[in-house]
Amino acid sequence: MRGVFIVIVTCLVFLPDPLRAGVASIGSITPGFGGSQMNYINNDGIFLESNNSAFGFGFVTTQDSVTLFTLSIIHKSSTKLIWSANRASPVSNSDKFVFDDNGNVVMEGTEVWRLDNSGKNASRIELRDSGNLVVVSVDGTSIWESFDHPTDTLITNQAFKEGMKLTSSPSSSNMTYALEIKSGDMVLSVNSLTPQVYWSMANARERIINKDGGVVTSSSLLGNSWRFFDQKQVLLWQFVFSDNKDDNTTWIAVLGNNGVISFSNLGSGASAADSSTKIPSDLCGTPEPCGPYYVCSGSKVCGCVSGLSRARSDCKTGITSPCKKTKDNATLPLQLVSAGDGVDYFALGYAPPFSKKTDLDSCKEFCHNNCSCLGLFFQNSSGNCFLFDYIGSFKTSGNGGSGFVSYIKIASTGSGGGDNGEDDGKHFPYVVIIVVVTVFIIAVLIFVAFRIHKRKKMILEAPQESSEEDNFLENLSGMPIRFAYKDLQSATNNFSVKLGQGGFGSVYEGTLPDGSRLAVKKLEGIGQGKKEFRAEVSIIGSIHHLHLVRLRGFCAEGAHRLLAYEFLSKGSLERWIFRKKDGDVLLDWDTRFNIALGTAKGLAYLHEDCDARIVHCDIKPENILLDDNFNAKVSDFGLAKLMTREQSHVFTTMRGTRGYLAPEWITNYAISEKSDVYSYGMVLLELIGGRKNYDPSETSEKCHFPSFAFKKMEEGKLMDIVDGKMKNVDVTDERVQRAMKTALWCIQEDMQTRPSMSKVVQMLEGVFPVVQPPSSSTMGSRLYSSFFKSISEDGGATTSSGPSDCNSENYLSAVRLSGPR
């Protein structure tokens, strides 16, 4: 397919071409190029070199096997790896790399590398003297750059920006580490069940402050220092990692699988020289310098934490699946033991407390009642309680002590892993006594059991269903807090304050003992409600983002299914843009724009930054919540669809809300993350216009808002669609024009024409130019009119009370796109 850059893995045998063996292209390759590692075996697999011959791109052997290869960029003289395309999916020496005549880059077989090039054809691939691999379009612009997609290495002059992530290869304990810029700081975290931060540049003693204030949004290795800039490229901080002040040297920073960042000077034609500076500088400052539950002290001297060594000789907790239950649905016997005195934990300086101003007994109870909690830390001075679902290495706290009391959860000695043989032995004497005492009692018991079985069959089947769900929840990574039903019942005052009601249940206001407020969704019924519960816990429970609503916890107890979210005082966007009376608060343009931008960032994170691509499938104003400062947070993931990174489209049953669904839902085409883009475009239009996308009370010209917006665009009068009730809207404000054009790009009928959500963010921020979109005023009415008529006959559409022209075929497409939910 034209316009898509794809690298694919295969087992297709390719015979080497002796005429081309060992000859690497210099500077760039053009369409028609092809070859395997065997073709370039005399050049160590390198088939493309930079003009200065410092860097090479080609097939590089992996550390684990000399017969498997990654498509990588290397610094030739030092053989240091700079970037890899397929680190997780190496290829064989016969797999053929092809840059075909259409400008696509392929290796026929299983897809491992994909690039959406926004409809531009590639004319060449360049390996630049900086080590940057660039796909160049026919008009000479860059389509894609390796510098924008780092793996575990950064190199001099490479911009590392907010939204990018450096990820280590897995460690021996299967842990990975990540470096990213978040909330104005650069942080290192371990990707355990719930990521735990263990280092930040803002707290680094070596940091040099060049300018107070400002928010870090990017960084680069320049000279002998790591430099940090704000959005206007003003230098805020520096981190000097070498005494070598030669600005002509090339440095790399590598995030190793031990969680440590090291620096190497690639020199000029010489072998690499490593700097003694490391991040973190403390030998005991990483999550696992010694292994879980060991204490690291001094020069990385390791010993089992004293409390655990007294309880178990092997320094292991005996817990493999903390939330697993025994065959008779009982919880495995566990206990909390003191970790001992004088120990500290790496995440305490960065993690938020689970509960504030509490006491030690309550903190223990919180951990005991939460099956995913493996350890707790309690600070006497503040009353803060910290719970962790992963415990790495401890470290000695020094003479002053850490100020924390710590406890570890371990399996009780002699629990036997939940074997039911002991229980059977206990029950057998009672059965014998009953049989001996009276046959009559046995007959009565049999009769009662039979009656219960007949009358309450669903109740008797509930444990099996509950066990199935427990297994599902147990196998989730990053599972949030599991509440008991009575705790949420108490927090909501027996569900007395109702905030709203949706398709799967009602939402109630609640307050935890520490004073933090919750919004508790109580799912009702079975079927879709059960699916929504699993989808919500599995998807949002493991991800965290400023613009995604946080799932504080859940309850799966008997027939009860509840979801506990952070409480957002301003409610949903719907109540703020669709004003029911003149006295309602009117949002100004700055607030509306920030809501639009925040929502776009949240969706971009779901689509591009999670382990699996997440398609929300139900973006609408009711599912965008607002906090005290009107920051937008995307909510309600009950209809979301997971897609692997290899999938570009997926078929699924229709889901969502009428008026916001993309055309592909109606035409039974495969959907993708671009379907969310369409829904977002509809919401953005409503946010700009302060009205619903279909309003039969309007004139025939205005009743279908998207068609009206396209018409005004063609007339050059886009300002006519802005909410007329907003006062003092600056017509010269570029954000207004960008937002309106971006909305019309998002609701294009052809999904390939719609931008990605990350591109939408760039368009709104002014980073990417927003040209006038193609006209699509009829909105595909020829495709959807028959669908609309069919749902109208079934009672799925509401008859308009407005002008008759509003019900004409020209307006059918987006009026009731999705049909009944």
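Note: Cβ is positioned from N, Cα and C throughout, glycine not excepted.
Here the structure is a predicted model, which means the values were calculated and not measured.
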Task: Residue among Cys367, Cys371 that, according to Swiss-Prot, closes a disulfide with Cys373 - done: Cys367
Open item on the list: Among Cys363, Cys371, which cysteine does Swiss-Prot link to Cys385 through a disulfide?
Closed with: Cys363
Open item on the list: Just to confirm what the record says: which one of Asn174, Asn475 has N-linked glycosylation site annotated in Swiss-Prot?
Closed with: Asn174
TODO: Determine, on the basis of Swiss-Prot, the cysteine among Cys302, Cys304 paired with Cys290 in a disulphide.
DONE: Cys302
- [ ] Could you identify, going by Swiss-Prot, the member of Cys284, Cys315 that forms a disulphide bond with Cys296?
- [x] Cys284
Task: Same-chain residues at least 6 beyond the ends of the domain 'EGF-like' (280-314) whose Cβ lies under 8 Å from its Cβ atoms - done: 171, 173, 175, 177, 188, 190, 192, 196, 198-199, 206, 258-260, 337-341, 343, 346-347, 391-396, 407-408, 410, 413
Open item on the list: When DSSP is mapped onto helix/strand/coil, what comes out for Asn248 (N-linked glycosylation site)?
Closed with: coil
- [ ] Given the recorded positions Asn51, Asn121, Asn248, Ser635, state which is nearest to Asp618 (active site, proton acceptor) when distance is taken between Cα atoms.
- [x] Ser635
TODO: If we count other C-beta atoms within 10 Å, could you say which of the recorded positions Asn51, Asn248, Asn370, Asn380, Ser635 has the fewest?
DONE: Asn248
TODO: Have a look at the recorded positions Asn51, Asn174, Asn248, Asn370, Ser635 and say which one has the shortest Cα distance to Asn121 (N-linked glycosylation site).
DONE: Asn51
Task: Spatial separation of Ser635 (phosphoserine) from Asn380 (N-linked glycosylation site) - C-alpha basis, Å - done: 36
Open item on the list: From the DSSP assignment alone, can you count helix, strand and coil residues within the domain 'EGF-like' (280-314)?
Closed with: 6 helix, 8 strand, 21 coil
